[in-house]
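Asker: Got these off TrEMBL a minute ago, pasting:
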COILED    33-171  coiled coil
DOMAIN    200-232  domain 'C4-type zinc ribbon'
COMPBIAS  269-283  compositional bias 'Basic and acidic residues'
REGION    269-290  region 'Disordered'
Amino acid sequence: SVEKKLQTLFQLQKMLSEVDKIKTLRGELPLEVQDLEDEVAGLTTRVEKIKAEVEKLKTEIKDKKIEIENAKTTVEKYKSQQENVRNNREYDFLNKEIEFHSLEIELAEKRIKEYTAEIELKLKEVADSDFILEEKKIDLEQKKSELDEIVSETKNEEEKLREKTKTLETTIDPRLLSSFKRIRKNSRNGLGLVYVQRDACGGCFNKIPPQRQMDIRSRKKIIVCEYCGRIMIDMELAGVDTEPKKVEKKVEKKVEKKIEKKVEKKVERKVEKKVEKKVEKKTKPAKKLK
């Protein structure tokens, strides 16, 4: 029946709301932990990349030093050959070769200076990144510890609630369940099913017409709020006190009774006093006539 479906949905919502409370208790910690993990992973990758670049530059420096040694050897070789040349053409050729290799040496030395300066900058960057990385790791451990503590406190309760919700969900019509979950997901307070409060929707607080309220109370079909789309349930079915006026009347009656008793007592006292006065007059001795 529709009534049974609504009752089951309302029970499901209460359980899901309890799960939401547990999530709220954790607050932003899961997101903060995730963000810190991403930052630590990013910084670690960055440091490793810079260190690899440093090693590559060191290899380049070694290669340049070898080039310099080879060039110097070649220059010395050509200088010694200049002493045994037979004509100017051979001398000029050797001279050009010496100049060329000398320029190679100068260029290689320049590159070594550039690479050395670049290594210094990168090592400074590594040191700075390592410092930030260590701080992030400490923050991450603290946040993880806080989260683990909260999770350990609420884990059993949450697991029980989730098991109950899964069991309950199997008894609900799949289309109705899907619709309920969609509404719940899109609502700010996580409520997919609400009851009428003071003639208004308990979700969006828009007024519900009297006829629609009667349809909701009749429980003959599933009715949704025409403004927010939430499924509607009457307060009585939701187990909410539907007779606030009766409570007010009980209070009023108590007050009336108290007032009546006070009035009765006043009246009784007045009557008693009147009776006492009459009795006193009758008991007084009559005055003697002269």
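Heads up, the Cβ atoms here are built off N, Cα and C, so glycines get one too.
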Asker: List, by number or range, the same-chain residues at least 6 past the domain 'C4-type zinc ribbon' (200-232) whose CB is under 8 A from its CB atoms?
Answerer: 1-3, 5-6, 9, 176, 179-180, 183, 186-187, 189, 191-194
Asker: With DSSP helix as H/G/I and strand as E/B, how many residues of the domain 'C4-type zinc ribbon' (200-232) fall in helix, strand and coil?
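Answerer: Counts, helix then strand then coil: 9 helix, 6 strand, 18 coil.
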